Amino acid sequence: MFSWGEDSQRGFRLKDGSDTAPPTAEGLNHLQLGYHITALSAGRTVLAFLKSNGNAFIIPIRESPAGSRVRGKQKFVKFKDKIKTVSCGDDTVTLLSKGGQVLCVDSKLVPRPMQMLCAVSQVACGSHHSVALTEDGQVYTWGQGSRGQLGLGERQPSTKSPQHLNSLSAVPLVQVAAGGGQSFALSVSGAVFSWGSNHCGQLGLGDTTDRHTPTPVHCLNLKKTTHISCGKAHTATLTKDGGVFTFGSGEYGQLGHNSFRDELRPRLVAELWGAKVTKIACGRHHTLVLTDSKRVYSFGCGEQGQLGHGEESHPSVPLPVQLPQDTNDVIKNIFAGENCSFAVYTSNEDVQGEANTVGVNTVTHCFDHMINKWTAECDSKTWKQMKKEIHRMFSSASCLNASFLEKSKDEHFQTSPKYCGLNLPLAQLAFQKLVTKDNVFAEVEGALLNLLPSLDKQPVGVEGLRIFLILNELLHVIQNHKPPLQSIKLAKAIAAAILNLSAGSLQVIGDWWSSLPSSTMSKHVEVWKQALSVILSNEPVHRSSEVKNLLLVLQFMYNVNHRIAEPQKMPESEFCLLMNKTFYFEDWHLWRFGSSYKKNTEPLILCSFPSVMDLESKKFVFDLNAQFTQRNTMARIFGEIQREFRFPKHQDLRFEVEVRRGSVLKDTFEHLAFTNPSDYKIPLMVYYDGNLPGWNDLYGYVKDFFYEVFHEMVSAESGMFMYNDSKTLAWFPSKAAPEDQRYLHFGVLCGLALYNQCIIHLPFPLALFKKLLGVKPSLGDMMEFSPCVEEGLKNILEDYTDVEIDILDMDFSINWDGTNVDLDPHNPEKPLTGQNRKEYVEAYVNHAFNTSVEGVFQEFKRGFFQVCDQDLVKLFRPRELQEVLVGKDFNDWARLKQVTGYEGKYNTTPLHPTIQMFWEVFDDLTEDQKKAFLCFVTGFERVPILDVEKFKMKIRDQQVQGPPDQFYPKAYTCYSELELPLYSTKEIMQTRLTEALSSNKIIFKEAGTEL
């Protein structure tokens, strides 16, 4: 071993017959020890080292009468177990046995075990405090804590007994380090945490404020840090690529930056570029590094010769230590302590136990190997030991978070709030083995159920959140390999732990989850859907807080997915639960009647989790409520009339609207002006020109009414709306007065259509339905309404450079709906610049869809919700509400032919000749004529969204008095039935059918040119 620095030639017992060689010109001593040193640490009054055979020795250091410090003789530390490593504070020695016991050596060199600690894998000492890392990744601290070096908070200045550092409990740690008054911890993926004294910036946090709890050193993120070493007031870190960062006190040049300035943030030692460093060691005020070429460099304080440079005058620059070159031995390790330095050499390449090569803690042992052992057949004694291993692994979030890392190309070192660093397929394979043995699974489940309630709501490092993705994989495997109920208890516990997390932690998990392959995302969603389906399929349904937690997790995943851009985004339908109508009827009952129906019970899904309801379920609940409201309102009216001692008339129990064919819109508005809004809740009946519809025409008249009133209302002749350039979409005019009752009645009519299960002609952009549901319209809505305007705004927002925007010479003035508008009224003619372009685009969209129409839209909204219950309308998403109100285009004419049924004379096999003739005529119709035929038969231009797949038509022979060729086809829209006379020729049938379609009230224009 080579030794240099303070009293460097004394203390060590030399090889028998060896003499101490004179030091070199640079002050280096060549010590012939005759044994291998695997660990060495030196404090102010003591030096300790460890032989490769596990024996530990201590060398006291005292002050001589002359004032210098000199070493005494080495003394053996007796203990029953072999020693794994040593660490010294200023005046203390701490040993770690191979059995995981921490030993504090007293003044008489007697090692005393710390009874509260066991299974320890590492120990590190600062000046007056110690830090220990256990095999399951937990950190304990003890000693002085006045500067926060214990990490326990400001109320824990000191403690003699080890205290658990709970804030790091979930972080998968591989190293702890300490020096002076600072402490550090290093995670398996290179995250660094620091706490304690920071007067020189030695914590690397960019300031000089002490920290009393572990704090992430963000400047070292993604640097692949693999080792940390601490001096009195400076710190050095080593990366996997061989780079060295230093920070803290630079008073003696110990940072190696060719300066004596303190560094508050980690700074790469540029002078070491080109040399791959493999080891680092910090003394009190100096630093050593060892390169892969086995050269030792030093920098910092050299007052005691600890740099090995002799009279060299540049201590702030890394310079090579002038080790003797007359030996073939190789430098294997370096140690720095207080004011001395050491370099261990050997020709034995197989020496084990180098203290500075801590790369991975025991928590990262091959998980696959452990599972193979756990699931193998064994005796009771072995099983007892394995149960302890299983419990240690699955009772520690740190252990789980260190497992299943993506080690390909060291990708797990890129772990960040956006990337989890996990190999989840590896976890799935491991868990598939795990669940094959019931006794192993029982131990795993028990350990996890004990662990989950104790998890920190905001781990200090994002690696502490990996467990939530890992456990999703476990749940998925359990559900696929165990009975349905087997995963429920664990799923409930995981859900509770997720919901206990802070908003910041949930944001990280959401970002991680959304970055996974879409197949994995779908699998994780299915985990929670399956758990809920199992619970909700049991009778009676448990509407407990635990079940609500599962729904909240699924809602959280839905919200995350909602923020994802296409094509990564999952279809919203994948979040829907397939529940029967009985469940939703019960939920509706609870919503409608509250605690009067069932005490202390509220709806589980309805109005709280619409994201898990499919459109059919939402429509079922809405229609159920509408039907109940109709019956309830009629009963109330009936009761009021009876109290007046009269018998109710027909019109008392119907909302009757009488209109004339030539002025449907005018008559409707006049009627609504004098209608009590409570009447909207009873069944609607429409009279045309005083004619009462027959019982089988009631719904047909209502459909006919909604068709006519909406076509007339949204036409240009009504003057109610503005239109986009292509005249395909309408919007509220900016010049309309809120007092104009037509917009209130427009809302009422839309509400009546939804309430009475009719689809309507409503050519409005999706923005209308967004606003009804409280969703803010966006630039995408402008693309639908006015692609030209949207393209211009998008160019301003994304494509133009700042210079190009300046050339445009635009300001915040626009023309909308024929009116010049200042988008910023408080700053007229405000110029458009590269800096305010986003503000301009948002203001433009906001004016078009919100500000310019605020008054009339509020009237429309008020009218709509006079009819429909707002809570139930909010079950729908904007697109769903639009589709329910407007329906869906139907153009699958081949399918229509397949599902059409035949009655009377036409019910034959093969097809009746008249039917064959009909389909030949139908196939010759234009697309617009086919749509006209659809309306002729059903009363709708489009098909109700939920009836697209169910839609079918019936055709029967028409009973006529006279020659059939003289009659037109007749349709019963209520039943989608067509009565077709027995025409004699195809030409006559074609003429009669096209005449019937053209005389029908629907006039089809060229597609895409008119409303």
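Residue positions begin at 1 at the first shown residue.
Glycine is no exception: its Cβ is also placed from the backbone N, Cα and C atoms.
The active site, glycyl thioester intermediate annotation in TrEMBL covers CYS974.
Sequence annotations record features per position, and here TrEMBL assigns compositional bias 'Basic and acidic residues' to 7-18.
Annotation comment: TrEMBL describes 676-1011 as domain 'HECT'.
Proximity of distant same-chain residues to the region 'Disordered' (1-25), defined by a Cβ-Cβ separation under 8 Å and at least 6 residues beyond the stretch ends, is recorded for 31-34, 37, 47, 49, 59, 61, 68-74, 283, 304-308, 310, 321-324, 338-345. Among the features that TrEMBL reports, region 'Disordered' is placed at 1-25.
Summarising the annotation, TrEMBL assigns repeat 'RCC1' to 81-136 (among others). Applying DSSP to the repeat 'RCC1' (81-136) sorts its residues as follows: 0 helix, 30 strand, 26 coil.
Regional average pLDDT for the repeat 'RCC1' (137-189) in the model is 94. Under the heading repeat 'RCC1', TrEMBL lists 137-189 (among others).
Sequence annotations record features per position, and here TrEMBL assigns repeat 'RCC1' to 190-241 (among others).
According to TrEMBL, the feature repeat 'RCC1' maps to 242-293 (among others).
Look at TrEMBL and you will find 294-347 (among others) tagged as repeat 'RCC1'.
DSSP assignment over the repeat 'RCC1' (137-189) gives 3 helix, 26 strand, 24 coil.
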